[in-house]
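Peer 1: Quick one: the structure is below, questions incoming.
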Amino acid sequence: MLRIPVRKALVVLSKSPKGCVRTTATAASNLIEVFVDGQSVMVEPGTTVLQACEKVGMQIPRFCYHERLSVAGNCRMCLVEIEKAPKVVAACAMPVMKGWNILTNSKKSKKAREGVMEFLLANHPLDCPICDQGGECDLQDQSMMFGNDRSRFLEGKRAVEDKNIGPLVKTIMTRCIQCTRCIRFASEIAGVDDLGTTGRGNDMQVGTYIEKMFMSELSGNIIDICPVGALTSKPYAFTARPWETRKTESIDVMDAVGSNIVVSTRTGEVMRILPRMHEDINEEWISDKTRFAYDGLKRQRLTEPMVRNEKGLLTYTSWEDALSRVAGMLQTFQGKDVAAIAGGLVDAEALVALKDLLNRVDSDTLCTEEVFPTAGAGTDLRSNYLLNTTIAGVEEADVVLLVGTNPRFEAPLFNARLRKSWLHNDLKVALIGSPVDLTYTYDHLGDSPKILQDIASGSHPFSQVLKEAKKPMVVLGSSALQRNDGAAILAAVSSIAQKIRMTSGVTGDWKVMNILHRIASQVAALDLGYKPGVEAIRKNPPKVLFLLGADGGCITRQDLPKDCFIIYQGHHGDVGAPIADVILPGAAYTEKSATYVNTEGRAQQTKVAVTPPGLAREDWKIIRALSEIAGMTLPYDTLDQVRNRLEEVSPNLVRYDDIEGANYFQQANELSKLVNQQLLADPLVPPQLTIKDFYMTDSISRASQTMAKCVKAVTEGAQAVEEPSIC
């Protein structure tokens, strides 16, 4: 087992009655008193010197130490003096003892740090003017603050050959100071043992031993944790300096997790995307698709309205002409002749505006691309389609049953939580579905959905495991609900969850049943009353079809009458735009203030980082203008007014960064028994089986050259996308 952080390693362990190892919190009366530069502070036993110093606001320099990684203690930059101790100690690895007086700025501490810094700089190249880490480099900052003012090293510096670890991370290994943060991240957080050290002493190198790609959906995070410029972003190389960019706090919409991000822009262009701390969602990590797919925001964009001419070709036109044509069709056709499909990247403001517009023409055929069973309780109960336990709540669970999902590629940050709990809390995981690499061990129960019946009836051995669990979770992937027996699968999972609550020691507040969504718009659409799936449109093909960012290919021209008038509103010329008669260019998530609801039901906002390209406009504004031209004006003119309308329809949509607990009623399970559908024998196979299936899943990532390089590198090897080095 990996070495866990010192603080956790020293927590008292106790055996539960059932033999499980549990951690016990330290009582307040057991706190010990230590002194930091003469200032008293009370800390728990096992607290390190560095943590005690931080508690009183004293920052200790460090390179190898990271709060979310195990303690390595190999950079020695955090050396401090302990009063009456013979030698300085490494603050990150030394637990405090009662009565210690820690001297952080004594002559001995300063001299020790100067010596360590001198050794670190002895072989470090003077690359600062051409290094992408310049301006946000820990080595720059700490050498300025804690280092000497001159160098005594006159010999030649060592040089290390760079490693090719894929199309995302650029390596300049001569700059590496062997802090091993990247190695520990790879093995502990990402769960991929691709990185390690070879050699010793002055010959030590960090790399992959044999040349291979760093195969992880979280690989870009090693760029952030690298304290020097040894690991930088290949797509961002030599494009901008940190002080030249404007930072905008926003959220990611590439999956349904809703990771918090910072969008860095310059001169109206997105230069890079970085993670933003949110302990309850993504902590401080983001997936590679979130980080690197931003170049897709400037490719294949729809920048002007377009209409199909008499020759069947799409030609540019004015907003007035395009909206007038659409308005004419809405005035001609009413009721069931008008329908709409919402795509995976659509915000809540656009969803409610489109809903209001179609209601004005007496139509309620508003559908989502993703299917969700409506039989039984269906979408009437919010708890039926949410990750009720929450993402952070995974760390409290003791047993997790995954059904028909591959969270590693469907929701990488949710999977990282599962791994974290498995690593530190002895979480037991089981999977029903295709055997996949989840980066942690699990019990594979099989791939047949009929196993759910056995678990529900109590005849399966895993039923006993769930029964004995204190806080079990059943996580059903939304991809499993796209099947013809989706309603039966949902009913079976609901039955399992209800029986666990009745027979085990689950408390009233703990939610057992969870749905893991894959797309960012699904929860908000269901909250607003959209019908999941396009079956209603296939059964009753409309005369006018409005595709709002619908690029999933769930419906084609062949599914519709030849005279069906199709409007596509979105930001990329992907799957939906080519079949449209009118194209209305919309804004992407970095170009608008918009509301999205993640898989746990948490509403969050994107913020405007750049302006939309060309004549593109925000989606709700386009729909509002269309309603006015069609003579059915919607009653809102500003973003605040649209959000007031959102609050009228579903109040939780404007309670930002708050989760409204969804009650799971027993009636939901009773209604699920009315589902008249049988489980199929077909195996549960998630659509994103391997990392190759992870990179290009929506209109933005499909337009990204960086994501295309990743797919090529995975299938053909990292050498297939290797570019000549400039530096």
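Using the three backbone atoms N, Cα and C, a Cβ is placed for every residue, glycine included.
Worth saying up front: this structure is predicted, and the values here are computed from it rather than measured.
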Peer 1: Select one of Cys53, Cys92: the residue that Swiss-Prot places in the [2Fe-2S] cluster site alongside Cys64, Cys75, Cys78.
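Peer 2: The candidate from Cys53, Cys92 that Swiss-Prot ties to [2Fe-2S] cluster along with Cys64, Cys75, Cys78 is Cys92.
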Peer 1: Can you find which of Cys137, Cys179 Swiss-Prot lists as binding [4Fe-4S] cluster 1 at the same site as His124, Cys128, Cys131?
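Peer 2: Candidate listed by Swiss-Prot for the same site: Cys137.
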Peer 1: Which Cβ among the binding-site residues (Cys75, Cys92, Cys137, Cys176, Cys179) has the fewest C-beta neighbours inside 10 Å?
Peer 2: Cys137
Peer 1: Other than its own, how many Cβ atoms are within 10 Å of the Cβ belonging to Cys64 ([2Fe-2S] cluster binding site)?
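Peer 2: Cβ-Cβ neighbours of Cys64 ([2Fe-2S] cluster binding site) within 10 Å number 23.
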Peer 1: Take the Cβ of Cys182 ([4Fe-4S] cluster 2 binding site) and count every other Cβ within 10 Å, whichever protein chain it belongs to.
Peer 2: 27
Peer 1: Taking the center of the Cβ atoms of Cys176, Cys179, Cys182, Cys226 at the recorded [4Fe-4S] cluster 2 site, which other residues in this chain have a Cβ no more than 8 Å from that point?
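Peer 2: What remains near the Cβ centre is Ile177, Gln178, Thr180, Arg181, Val206, Ile222, Ile225, Pro227, Val228, Ala230, Leu231.
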Peer 1: Taking only same-chain residues 6+ apart in sequence, whose CB is under 8 Å from that of Cys226 ([4Fe-4S] cluster 2 binding site), what do you get?
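Peer 2: Listed in sequence order: Gln133, Cys179, Arg181, Cys182, Thr232.
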Peer 1: Hey, for the [2Fe-2S] cluster site built from Cys64, Cys75, Cys78, Cys92, who else sits with CB inside 8 A of the CB center?
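Peer 2: My list of surrounding residues reads Arg62, Phe63, Tyr65, Ala72, Gly73, Asn74, Arg76, Met77, Ala90, Ala91, Ala93, Cys179.
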Peer 1: Distance check, please: Cα of Cys176 ([4Fe-4S] cluster 2 binding site) against Cα of Cys92 ([2Fe-2S] cluster binding site), rounded to an integer number of angstrom.
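Peer 2: Distance between the two Cα atoms comes out at 20 Å.
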Peer 1: Measuring Cα to Cα, how many Å separate Cys75 ([2Fe-2S] cluster binding site) from His124 ([4Fe-4S] cluster 1 binding site)?
Peer 2: 14
Peer 1: Of Cys78, Cys128, Cys131, which of the binding-site residues has the most Cβ neighbours inside 10 Å?
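Peer 2: Per the Cβ count within 10 Å, the most buried is Cys78.
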